[in-house]
Amino acid sequence: MEKLIIAGREFNSRLFLGTGKFSSNEWMEQSILASGTEMVTVAMKRVDMESTEDDMLKHIVHPHIQLLPNTSGVRNAEEAVFAAQMAREAFGTNWLKLEIHPDPRYLLPDSVETLKATEELVKLGFVVLPYCQADPVLCKQLEEAGAATVMPLGAPIGTNKGLQTKEFLQIIIEQAGIPVVVDAGIGAPSHAAEAMEMGASACLVNTAIAVAGNPIEMAKAFKQAVEAGRTAYEAGLGMQAIGFVAEASSPLTAFLNE
């Protein structure tokens with residue numbers, strides 16, 4: 001499996017993990033390690049910025065993991081830039097998952113403010129990974145603005161409904177000159193495998209692992225699914241038949257006359 005490269009950094013794993021909704025920090029840490037991930041997102045609002053010994057961070061920080069603070073909770077570009085600067089100071093990284101969703105019910109990203117914030121943050125030296133609508137035009141604009149990746153949603157956050165935006169994701173992947181990370185809505189390992197088979201660069205998963213009966217085993221399942229999907233994509237999937245006419249894999253029938 002080819003390595004994933006984002007902003008010059010190589011990643012062996014193409015599975016990114018979120019850290020919300022776990023029943024305990026211990027379950028979270030063990031799930032992170034079981035998944036093999038090298039990219040972990042953490043919402044700034046969940047971290048005690050005043051404490052240098054926040055218990056949650058102790059379970060996330062590992063030498064092989066790129067910490068990716070996110071701006072979940074901000075409502076516009078101005079708030080996002082402010083939050084990003086706080087995150088850079090607190091976490092010592094210029095990597096940022098940009099999330100702007102002013103509607104607290106559906107948590108859908110604001111496309112206008114996301115593009116505006118991306119332009120500003122890139123100028124300030126941030127490595128910006130924006131969570132966005134599965135809009136091919138917007139994703140191309142974010143790429144042109146300097147985003148390190150685009151992170152279009154598969155379905156609304158936390159719904160576990162899979163790739164509801166599949167047709168748009170296919171266009172985004174086809175047109176992209178930067179990695180495409182499918183984010184939000186992935187509820188089963190099969191969803192992740194499907195995204196990777198389409199050519200997605202990576203998947204970000206949180207809820208499906210965190211609320212599973214056994215998060216550690218589910219993390220392992222997602223690891224295997226992402227690897228299988230990516231390997232299948234790199235190997236070259238066979239074309240699907242048109243219509244419903246079967247085609248035998250062993251069509252020779254001469255032996256019947258022997």
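Yeah, the Cβs are placed from backbone N, Cα and C, and that goes for glycine too.
As the structure is a computational prediction, the values presented were derived from the model and not from experiment.
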Further 1-deoxy-D-xylulose 5-phosphate ligand in Swiss-Prot, beside A184, G185, N206, T207, within candidate set G158, G229, G236, G238: G158
Winner by Cβ contact number (other Cβ atoms within 10 Å) across the binding-site residues G158, G185: G185
Shell of the 1-deoxy-D-xylulose 5-phosphate site beyond G158, A184, G185, N206, T207, same chain only (C-beta within 8 angstroms of their C-beta centre): G18, A155, P156, I157, T159, N160, I186, G187, V205, A208
